Amino acid sequence: MSGVTVRVPAKVNIQLAVGGARPDGFHDLANVFLAVSLFDEVTVVPAESLTVTCTGPDAAQVPLDGTNLAARAATLLAERHGLAPDVHIHIAKDIPVAGGMAGGSADGAAALLACDVLWGTGSSRAELLEICAELGSDVPFSLAGGAALGVGRGERLTPLEVGGEFHWVFAVADGGLSTPAVYGEFDRLTAGTGVPAPEASPALLEALRAGDAAALGAALSNDLQPAALSLRPSLSETLEAGLTAGALAALVSGSGPTTAFLVKDAQTAESVARTLLTSGTCRTARVASSPVPGALVV
Ligand code: C5P
C-alpha cells in the first residue's frame, strides 16, 4: 500500500458551558460540538523516519515538529503496538489555523485513523477514541463528527440528533489566541463568583433536533466569549459587523479568535461573508454547512 488519506472536518461549539477549574487545571464542560464543512486532508506514507509537511493558505503557521498533533498521534499509536512511527505525514490544510475550530485536533484524529489503516493495527473505535482523548480534549469529536455533547474535559461524547442543515460563516481573525490564556482569563473574570456546574441547554438541543435555525440562533452560547473579548476587544466589532450584515446570531468559536455566524441559508452565507470581508474586521471569511461526518478514509 502506498499511502492512506483521511478527510476530517472543523468544528464549531454551539454551546460551551464552562465550570470552575479542576485540580488538574482543566475545566469541566458541557460542550456541544457541531462538525462543519471545512476540511483538512491528512495523508500518511511509509518513510525512513517521522516527518510532517503542510500545504494550504495558513500552512506557514502550522508547527512541523513533534508538537504537531498529527505527529503525536502517529507516535502514540506506534508506541501502543511496539512499532516505529516511520511515516511521512502530509497535511493539506483548509481549516483556519489557531482559531478555535479544532484544526490541530482534526489533524490528530485524521493521522491516527490513517496510521491505523496503513499499519493494519486494527484499533477498535473505542481504542481510537481513547487515544484521541489522550491527544487533546477536542480530538475525540474530530474523529466522531456530526453533532455531540462532550462532558468532562469535553472528551466524553454522546452523539446528538440533528434535524436539518445549518449554514454558517466563519470570520478568521489576524493572529491566534492561546487556549490556556483564554481559560486563564475566564478564571480571572469569574473569580469569587461561584461558577455553576456546566449543563447542556434543553432549548439548544431541541433546536438542533428540530433543524430550527432561528431557535438555534437564540440558544447559542459560549462561556469563554467574555474572556476572548477581554483579551481581544476588537472581536466585538467583527460580531457586530456579521449581525448587521444579516446573520441570525453570532458568537466566538471555542476559545477564539474565529467568530461564527449562523445564517438562514446558503445564499445569505455568501452575502454575509462578502460583507464581513469588506468590513475590515477580519482577515478572511469562510462559508460552511453542518452537520458533516467525522474523520473518514478517502
Ligand atoms: O485538551 P487540550 O490540550 O486541547 O487543552 C488545551 C488547554 O486548554 C489546556 O491545557 C487547558 O489550559 C485548557 N482546557 C481547559 N479545560 C478543558 C479543555 C481545555 O482548561 N476542558
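Think of each number as a place in line: the chain as shown, counted from 1.
From the backbone N, Cα and C atoms, a Cβ is placed for every residue, glycine too.
What TrEMBL says about a protein is an automatic prediction, not a curated fact.
Features of the protein shown, as given by TrEMBL:
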ACT_SITE  Lys11  active site
DOMAIN    68-146  domain 'GHMP kinase N-terminal'
BINDING   Pro96, Val97, Ala98, Gly99, Gly100, Met101, Ala102, Gly103, Gly104, Ser105, Ala106  ATP binding site
ACT_SITE  Asp138  active site
DOMAIN    204-276  domain 'GHMP kinase C-terminal'
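In this structure, of the binding-site residues Ala98, Ala102, the smallest number of CB atoms within 10 A of the CB marks Ala98. In sequence order, Ala10, Ile95, Thr258 are the residues of the same chain, not among Pro96, Val97, Ala98, Gly99, Gly100, Met101, Ala102, Gly103, Gly104, Ser105, Ala106, whose CB sits within 8 A of the CB centroid for the ATP site. When Cβ neighbours within 10 Å are tallied across all protein chains shown, the highest count among the binding-site residues Pro96, Gly100 belongs to Gly100.
Counted with DSSP, the domain 'GHMP kinase C-terminal' (204-276) comes out as 42 helix, 11 strand, 20 coil. Its Cβ placed at the centre, Asp138 (active site) has 29 other Cβ atoms within 10 Å. When secondary structure is read from DSSP and collapsed to three states, Gly104 (ATP binding site) falls in the helix class.
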